[in-house]
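Over in TrEMBL, the protein carries these features:
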{"type": "DOMAIN", "residues": "1-194", "note": "domain 'Heme-copper oxidase subunit III family profile'"}
{"type": "TRANSMEM", "residues": "25-48", "note": "transmembrane segment"}
{"type": "TRANSMEM", "residues": "60-79", "note": "transmembrane segment"}
{"type": "TRANSMEM", "residues": "99-117", "note": "transmembrane segment"}
{"type": "TRANSMEM", "residues": "129-154", "note": "transmembrane segment"}
{"type": "TRANSMEM", "residues": "174-192", "note": "transmembrane segment"}
Amino acid sequence: MAITTTPEAIHERAEATYRPRANRIGLWLFLASETFLFSAFISSRFVVSGTDQPEHLNQDLALLLTLLLLLSSISAYRAETAIAHDDRRLFQRELLTTIVLGLLFLVGVGIEFNEALTYFPAGTIYGSAFFMLIGLHAFHVLTGILALAVVANLGRMGHYGPDDHWPVEGVVKYWHFVDLMWVAIYPTLYLFGGS
């Protein structure tokens with residue numbers, strides 16, 4: 001019995017193989033462009049305010065925020081690994097953990113915003129750099145949480161498996177990127193400068 005293949009079938013198989021590769025390249029290019037955006041804001045903090053730093057920064061809260069994001073990165077990685085091994089229950093639990101940790105981070109950022117407004121208004125040079133960097137990052141965290149929620153919902157409906165989970169991989173890479181940007185922002189705002 002001979003198997004015949006049509007050009008359409010060959011094209012579909014080639015496209016299915018190519019799509020994740022193209023998506024990965026696209027994601028890396030997007031993350032590179034976002035890195036330039038964050039780098040510009042991080043460097044502007046030093047250009048406009050030098051190494052000066054207000055005394056009233058909440059170091060404990062900033063350290064807690066850092067810990068929350070680092071833990072969320074671990075749970076995101078575990079979620080991706082779980083779906084690659086077809087462990088849907090662990091996948092859902094770890095994605096939910098990542099989302100909750102991200103939401104706790106945003107609550108902490110809200111508290112930090114409120115405290116920071118007391119000590120240095122947004123109109124000051126350092127305040128402008130501080131609020132812009134924290135706000136830009138918080139926006140990316142919120143975007144990541146929404147993407148994680150969509151992926152979790154689609155995963156709950158059985159859309160992903162060990163051989164087909166590119167959206168999970170993509171959103172987890174984005175989440176790691178957001179965490180990495182915080183690792184750069186944290187010392188920029190809270191550790192460099194001061195007395």
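For all residues, glycine too, the Cβ spot is worked out from N, Cα and C.
Under the criterion of 3 or more C-beta pairs below 8 Å, with sequence separation of 6 or more, the transmembrane segment (60-79) and the transmembrane segment (99-117) qualify as touching. Distant neighbours of the transmembrane segment (25-48): 125-126, 128-130, 132-133, 136-137, 140, 170, 173-174, 177, 181, 184-185, 188-189, 192; these residues of the same chain sit at least 6 beyond its ends, with a Cβ under 8 Å from one of its Cβ atoms. In the predicted model, the domain 'Heme-copper oxidase subunit III family profile' (1-194) shows an average pLDDT of 87.
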